[in-house]
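What TrEMBL annotates here:
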{"type": "TRANSMEM", "residues": "30-56", "note": "transmembrane segment"}
{"type": "DOMAIN", "residues": "33-217", "note": "domain 'ABC transmembrane type-1'"}
{"type": "TRANSMEM", "residues": "68-88", "note": "transmembrane segment"}
{"type": "TRANSMEM", "residues": "94-115", "note": "transmembrane segment"}
{"type": "TRANSMEM", "residues": "151-173", "note": "transmembrane segment"}
{"type": "TRANSMEM", "residues": "193-218", "note": "transmembrane segment"}
{"type": "TRANSMEM", "residues": "239-267", "note": "transmembrane segment"}
{"type": "DOMAIN", "residues": "285-475", "note": "domain 'ABC transmembrane type-1'"}
{"type": "TRANSMEM", "residues": "287-309", "note": "transmembrane segment"}
{"type": "TRANSMEM", "residues": "330-349", "note": "transmembrane segment"}
{"type": "TRANSMEM", "residues": "355-378", "note": "transmembrane segment"}
{"type": "TRANSMEM", "residues": "399-421", "note": "transmembrane segment"}
{"type": "TRANSMEM", "residues": "427-448", "note": "transmembrane segment"}
{"type": "TRANSMEM", "residues": "460-479", "note": "transmembrane segment"}
């Protein structure tokens, strides 16, 4: 998982310090740094507030149709940011680049905060909050003194994912005409690959600094791992609850309903000469699904032994392995793609612009997501059950297949769905590494969008959305399974 960092270092070393310093210390780089940091700050605050508010609404308010809302609030994560940016740009061409980019990224990333915070709230006792309010503490003071400490770890982890997503985004910013390091790297790659490699260095450093800051902030924090789950209040209708539901409609409407409606509008406006043939659309769909599925399968298969090794038996070496596997979270997709281009062109030219290289990029990029899901699933398969099966004469492989694997299956499926979802919506790595002669939904959409052929691009974008919504909904249902079990249990 550290391969991209090594390759970035080798690529930079081959360019030479003089060329690197020329690129990094020019005025344009300072502007890009300010744009990147400015956008990071705006989005992390907005997405954090929206994610925490949404989690509070679903877990602490008497919300009717709670399970439906749980799925709907997760769906924006299935919407590619470059598709949402494209639809917003077609609706409001004069939209301010910073505000438009911040709004699109906020809508696309708040589920990264919502999911862990909602899970933390489910494991925190609401009686503590009720007691504080009964002692004349206001709602704001109760939240600040009682609730926030219980969700701080989850909110921080989600916010880190938001920041890393923002610094790696390319498509939405390019469409909305907002320049960041990622957009500049992609532009330079087509002109001067050495300059693109030099610009990758500060982007990687920003990501590593974010991970280091997270570790520092959470050094003295203990994440709650209670097995007890507290059911949310039973839903009922009231003016206050209707106001809460109206608030939840806004992110779902702007992040999902509006983009889908805009895509349908452009498809209806298209003529037979501008819309893609069914065969062309089908081939692009098959290529996207197959490469994404292979990347997800490889990521899950690679993450499974790592999760078992690092979770079951703790040691300093295994903890180091575990932490190093998450370093790739700090490496944007365009940097991973460039590092693999460097590897292929220098040492493995036969793999350059081939299917296996694209699958490897998907697996490397999204390996941490698979590992996070599988580590959670490992907790559902206690080692004592495996040890008991082997002590009764089962072969270790048979014991794993018959005892451990079935218990971990839901987490493995969740990991596959999450990696598949993020892979099929990955743009930069696909544009750089797509095999010669192969068109995917992302590459076809981007080609037509770049030519301002909105009607021709819309079917490919809608196909991505339709495919991505399925694993997105499954993730929402998987996340909500504990709620259903709690509510369906004895009173």
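Backbone N, Cα and C define each Cβ position, glycine as well.
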Distal contacts, the transmembrane segment (399-421) - CB-CB under 8 A, six or more residues away: 77-78, 292-293, 295-297, 299-300, 303-304, 362-363, 366, 369-374, 376-378, 380-381, 385-386, 389-390, 468, 471-472, 474-475, 478, 481
Residues of the parent chain within Cβ reach of the transmembrane segment (151-173), under 8 Å, 6 or more residues beyond its termini: 36, 39-40, 43-44, 47-48, 51-52, 55, 80-86, 101, 104-105, 108-110, 112-117, 119-121, 124, 179-183, 186, 203, 206-207, 210-211, 214, 217-218, 221-224, 329-330, 332-334, 427-428, 446
Within-chain partners of the transmembrane segment (427-448) [C-beta distance under 8 Å, separation at least 6 from its ends]: 80, 82-83, 86, 168, 170-171, 182, 186, 189, 276, 280, 283-285, 287-288, 291, 332-334, 336-338, 340-341, 353-355, 357-358, 361-362, 365, 454, 456-457, 460-461, 463-464, 467
Positions whose Cβ lies under 8 angstroms from the transmembrane segment (68-88), at least six residues beyond its ends: 54, 57-58, 95, 100-101, 103-105, 107-112, 114-115, 118, 169-176, 245, 248, 251-252, 255-256, 258-259, 262-263, 421, 425, 427, 442, 445-446, 449, 454, 457, 461, 464-465, 468-469, 471-473, 475-477, 479-480, 483
Cβ pairs under 8 Å between the transmembrane segment (355-378) and the transmembrane segment (94-115), at least three: no
Stretch contact, the transmembrane segment (460-479) with the transmembrane segment (239-267), Cβ-Cβ under 8 Å, 3+ pairs: yes
